[in-house]
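Visitor: If you look up Swiss-Prot, you'll see 39, 40, 41, 42, 43, 44, 45, 46 marked as ATP binding site, on the strength of sequence analysis. The feature domain 'Helicase ATP-binding' is assigned by Swiss-Prot to 26-414. The domain 'Helicase C-terminal' annotation in Swiss-Prot covers 430-596. Among the features that Swiss-Prot reports, domain 'UVR' is placed at 624-659. Per Swiss-Prot, motif 'Beta-hairpin' is recorded for 92-115.
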């Protein structure tokens, strides 16, 4: 346990970090249930939490309000703890349309979803780490409070194999089928197995690149090895191995049979109710849909929408909370909630929205009443299941303020940077004044963020700035997570200088190049111009030594005054600390990395990483010779079932043919 977690960093805690770390550790050791880390933007809150995790030596779940921040945190913790199990648990849907019914137009919308296989693998890897390891750090979104397969059923479905043990091949293959692995005779992919005589190759669902080879001899496990499924190279011999199921929803056969019987009983009760109310169409619809699901479960062990029967599959009573990621956490775990002023209300709102949609489905005969128990946790259930918790925010919400037993303040930054200077200027000339400020900041080689109140205003401002020769982009709500991170990355790289948005430029975005934040119509009181929103938005310029914020307003609202007072209080404390310790503020030099590396696999990144070689200086004869050589390699790889290598060579082959045609 001595070095269970080890931080790799060139820096030591500085500024307010040592005090905050000591305060939080003391609170945890004293048994405090809830604490808050009130840390300003750029004060190194992630580094502080990393030191708390290292000191406490406990598995940790970190929750972020969205996939963007979760990916950023995942990258940072992965860098701090390269020797530990840092995992990523977010929704695996690239696209998700839930099942719904609109009575007004008699429209039923089928469930439609596109699952990201890479994220599904990372989710399985996360629960595996919690089961197998004491040094797990799981970075998650609110997806953590949604129903997941029952851990007891999941653990009963594991396949354990040891070298030298007696094991019949047919039993192993049957077990793999029960675990929902599919058999293949071609290239081995995640969640598949392949049989070649007495050799069974398995590509575990939780593994990204490595597969397992089981060699049998006379019904005895003769050898176990990890190997590369692409090249076939043996990487390591193993004394034993545990294969985890392909999905969290895998269920033992006897539980499936019990579920089917309970579903049949509920179906008869519900049909009697609907017929008594003369809802004949609803009764016929429910019977048809449920009988189809029952048949699928009996034949295949699962059905589309099997999560709607999760009450029976996990053997729970009506109304009981569903199993979630929290059920996989050990009792001594820590819970960290990042940007808690956003995440906590988000957790509280999930249950009600889900319930309203499902009640309509139940009332109109699309689902049995037990489907209502396939739901996210209610807020009180989340509180019951939460281990010791630390909330992190620059602007804690009312819940954290009321329930925290200890508040550790982290106002002084390790870099000595002070909060941005805030100016107030009139609304009447805001656009022209902003244009002049933008030109000055661009001349210094820095970037600008501008927030507006409406989508229309953001579009018009973007068009106006663009017409005047300014490189500007508009970040709107339709941009997906990956594209959004690419836009922010391009801003940092200087592909453009000004980013205009509405409510998308607040929490957690790490952009040290931004020297000016402009808030238009700052005196329009409301959600987008509340005290918390203003402090968070002003904070986007806090990572730059020349950081400034301009609020365009004709009146000073209550929210503005409170935000200005808090910013000034922090500035005074930071200046006093710098003066006392002789610190000169330094800007943050942070490399522009793809923070989604490991969390997403994008086409753009692949193209950059795998730029095909150019043969512009070759003669036609040399090109033709190279084309023939590549063609032979391509077919050789294809015959060896090394299709990925064959595809790479094919791309190069086509490129050369194209060049030859141009000569």
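Using N, Cα and C of the backbone, Cβ positions are placed for all residues, glycine too.
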Visitor: Which three-state DSSP class does residue 45 (ATP binding site) fall into?
Guide: helix
Visitor: Using a 10 Å cut-off, grab the number of neighbouring Cβ atoms around the Cβ of residue 41 (ATP binding site), all chains included.
Guide: 24
Visitor: In sequence order, which same-chain residues at least six apart have a C-beta under 8 angstroms from residue 39 (ATP binding site)?
Guide: 16, 20, 45, 48, 392, 393, 394, 409, 410, 411
Visitor: Residue 43 (ATP binding site) has how many other Cβ neighbours within 10 Å of its own Cβ?
Guide: 28
Visitor: With the ATP site defined by 39, 40, 41, 42, 43, 44, 45, 46, which remaining residues of that chain have Cβ atoms positioned within 8 Å of the Cβ centroid?
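Guide: After dropping the recorded site residues, what remains is 48, 394, 410, 413.
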Visitor: Could you check what DSSP calls residue 39 (ATP binding site) once collapsed to helix, strand or coil?
Guide: strand
Visitor: Taking only the residues in the domain 'Helicase ATP-binding' (26-414), give me the average pLDDT of this model.
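Guide: Reported value for the domain 'Helicase ATP-binding' (26-414) is a mean pLDDT of 92.
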Visitor: Restricting to the same chain and to sequence separations of six or more, state which residues have a Cβ under 8 Å from that of residue 46 (ATP binding site).
Guide: 73, 76, 77, 80
